[in-house]
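Asks: Can you read through this structure? Questions will come right after.
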Protein chains: 2
Amino acid sequence: MKKTIIKPTILPGFMELLPKEQRIFNDIVNKVTKVYEDNGCLPIDTPIIEKSEVLLAKTAGETEKQVYSFNKGSKNLSLRFDLTVPFSRYTAQYFNELTFPFKRYQIGKVYRGERNQKGRYREFYQFDVDIIGKDKLSISNDALVISLASKAFKSIGLTNYKFQISNRKILSGLLEYLKVDSAANEVMILIDKFDKIGEEIFKEELDKILDKEKSDLISKVINISGSKEEVIKSLELLNIKNDKFNLGIKELKNVSKTLELLGVQENEFLVNLKIIRGLDYYTGTVFETLLVNNEGYGSICSGGRYDNLAENYTNNILPGVGISIGLTRLFFVLKEIGFVDNYQLPSKIEYLIIPVSEINSYIYEVYNKLISLGKTVEIYFEEDKLKKKMNYANKFSIPNTIIIGEEEEINRTINLKDMNTGLQRILKLDDMNI
Amino acid sequence: MKKTIIKPTILPGFMELLPKEQRIFNDIVNKVTKVYEDNGCLPIDTPIIEKSEVLLAKTAGETEKQVYSFNKGSKNLSLRFDLTVPFSRYTAQYFNELTFPFKRYQIGKVYRGERNQKGRYREFYQFDVDIIGKDKLSISNDALVISLASKAFKSIGLTNYKFQISNRKILSGLLEYLKVDSAANEVMILIDKFDKIGEEIFKEELDKILDKEKSDLISKVINISGSKEEVIKSLELLNIKNDKFNLGIKELKNVSKTLELLGVQENEFLVNLKIIRGLDYYTGTVFETLLVNNEGYGSICSGGRYDNLAENYTNNILPGVGISIGLTRLFFVLKEIGFVDNYQLPSKIEYLIIPVSEINSYIYEVYNKLISLGKTVEIYFEEDKLKKKMNYANKFSIPNTIIIGEEEEINRTINLKDMNTGLQRILKLDDMNI
């Protein structure tokens, strides 16, 4: 009977890496994790599958259409589409056992049945940090989470990013002041699309919604540019009598100043009043992160402040601020811009022992000796040609090989080769102290 | 309108931990990962969702019933139920880009719709290592993977485990020798159940399947006990003329000896001829791991040798040997036996800065100074009573607090308290070199 071979493939929209790239991906995860942990963030992990009625409590429209849902037994289940909803459920569920402010980080896969296009994934990692207060949360945390993103990027050697920061209160205060009322949502959606549609179409569309006077003022405000001091100064000079608007300026000023005090450099961020982050839950600080000269890839890290995280699950008031890195997408972008190719990651293995006669106890004696000296060692067990064995060391950039044959065993020596210089040395095992 | 509150709950059979336990879980993952990486294993990560026709190529019966499958668009999708099948698909798919022997490790969640019972999970982590050869793979690798499990357990401070090792060739050779033929599967299934049903019922059932003479010999063989040398000696003395049987003994002897050469101690393992690991793909070495005095929890780490990993996906012959730790289940057991409660994990944060007046730039100066000295620091931003602020340090076992008020700012000092001894010191910021 002829065997049936099934073609080994994965679904479109799913990322899978070769070991070499996977090591780099994991190294990025480890470095970012270290930043979060060194700043007091605690890990949590939540199920990928949740009850649909819990997970989709708030969701409607576009998001819900993209969710992977299915029945199992009598239950309708869904795969999480972000880490924020499960986190809000978690915080409400274990409220009494958590210490606030609660700083949590979480990395995990999420699922969205998006249309398949380059750089868009259906299964992708998110890497989130949120700080949640009980009833209140200092504005300093808004700057802190952005400073963590800054440290995270620096820790992996990424430099050409720029945080684009705004505060939702400024625009919603302005719309309140202009009595835009029922058209407010429509205007916000339009501003959110500004970068996609361009200034001209934006203004045309805005003129259709509002009087010219109001439309002109809004256009003027969101296009204010310059250094962050200049932008803030310009906003203040508008002299708009609206509490929310002025609170927004005050918060933006505070975040901006605190960022510098936290060591985020002048050139790492700017104020961009067009940043909205959709209509959902953000209520204060909002930010995105663009790669300078590669803005077309979109934001690699976004987030903001929300007044009440878990309102679907609890009556407790839980204000918070968070950041989210779309890690799978970021890795895709880092590959595109050549960052992954240039990523230096040395071999974990320092020594490859290559037996050239039968494997015997002397081989293991050398192996154990090296391990006792704190070295990382592999033994090449297979009976292959020497060239193939050496090639294994080359493939994985193992810097040293140790050839052991009968002669070495009899003399209790090792034949050590530095793979970078090609230099070979014969060492006595018993005096060995590499 | 009154808000509807949805009760925050997760599905039964899913594990979720509080941050304190999650830190321990992650610490275990990190330590085991280090062992695998220090021994040359490479990471891979595969999608949780795969095409059903690929994932279920070989599966039948019980396993298939437990799989989470659903339709999305025109495709039938399944959640992976182990890491072995996706790994075999991966190895076949990227065959030409991999270097053999290919040592890979992988940690990830897998899904099985099992009946919900204590200690059984529907979503659980597996943590696997496999070493795969092209056409051939040295028997030394069988010992190597078990030695990695030994190192992994030692790295987390677990000591009371015992590897139970056998070789499938011994029993299948014996059945071949006894010409059991068509009843062989039935006999193997019965041996696999030995520990569940007990010796008496086992023998009764076996007598129903086979002649008394054959049944007696099989019972005698699987009940051989003693030190591994004694067991192997007893097997040899049976003087059974069957090549497979004798090859099994030879391999078992080799693995046993190599384990010792690799530093696995005499008391860490024994030969247990009742170990089968089901009917599936294992063809040589098989092993399980029991916790001494807690055998009832079952195996915490199992694995073995298979002749051909990816036969459904490729015509290449890929023999391998692997181990799998059911990490979620292991963590459950470690909680049950008190291991988690005794797990020592110091705070990542060394200093908590506690402002007692307004947050000002001096606070950040102290913060940045400590960071420049390589310390891990948190600032308590919220306006709370001092007692609550100190309590935060206590809750997370942060060993030092730094109180900063107006006086400290004016004098450019810090008020440092060692939370363990209660000792307080006033230090000058500018000479500070903690």
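Numbering starts at 1 and runs along the chain as it is shown here.
Every residue, even glycine, has its Cβ placed from backbone N, Cα and C.
TrEMBL annotations: computationally assigned, not manually curated.
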Asks: Say TrEMBL lists A:Asp82, A:Leu83, A:Thr84, A:Gln126, A:Asp130, A:Arg277, A:Tyr281, A:Tyr282 as binding L-histidine: which of A:Arg112, A:Arg115, A:Arg120 is in the same site, per that record?
Replies: A:Arg112
Asks: Roughly where does the domain 'Aminoacyl-transfer RNA synthetases class-II family profile' (A:23-355) sit in mean pLDDT, to the nearest integer?
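Replies: The answer is 94, the mean pLDDT of the model over that range.
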Asks: Helix, strand or coil by DSSP: which one applies to A:Asp82 (L-histidine binding site)?
Replies: coil
Asks: Under 8 Å between C-beta atoms and at least six apart in sequence, can you list the same-chain neighbours of A:Gln126 (L-histidine binding site), or say none if there are none?
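Replies: Correct list: A:Asp82, A:Leu83, A:Gln106, A:Ile107, A:Gly108, A:Val110, A:Ser324, A:Ile325, A:Gly326, A:Leu327.
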Asks: When you tally the Cβ atoms that lie within 10 Å of each candidate's Cβ, which of the binding-site residues (A:Thr84, A:Arg277) has the highest tally?
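Replies: Compared across A:Thr84, A:Arg277, the most Cβ atoms within 10 Å surround A:Thr84.
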Asks: Among all the protein chains here, how many other CB atoms are within 10 A of the CB of A:Asp82 (L-histidine binding site)?
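Replies: By my count, 17.
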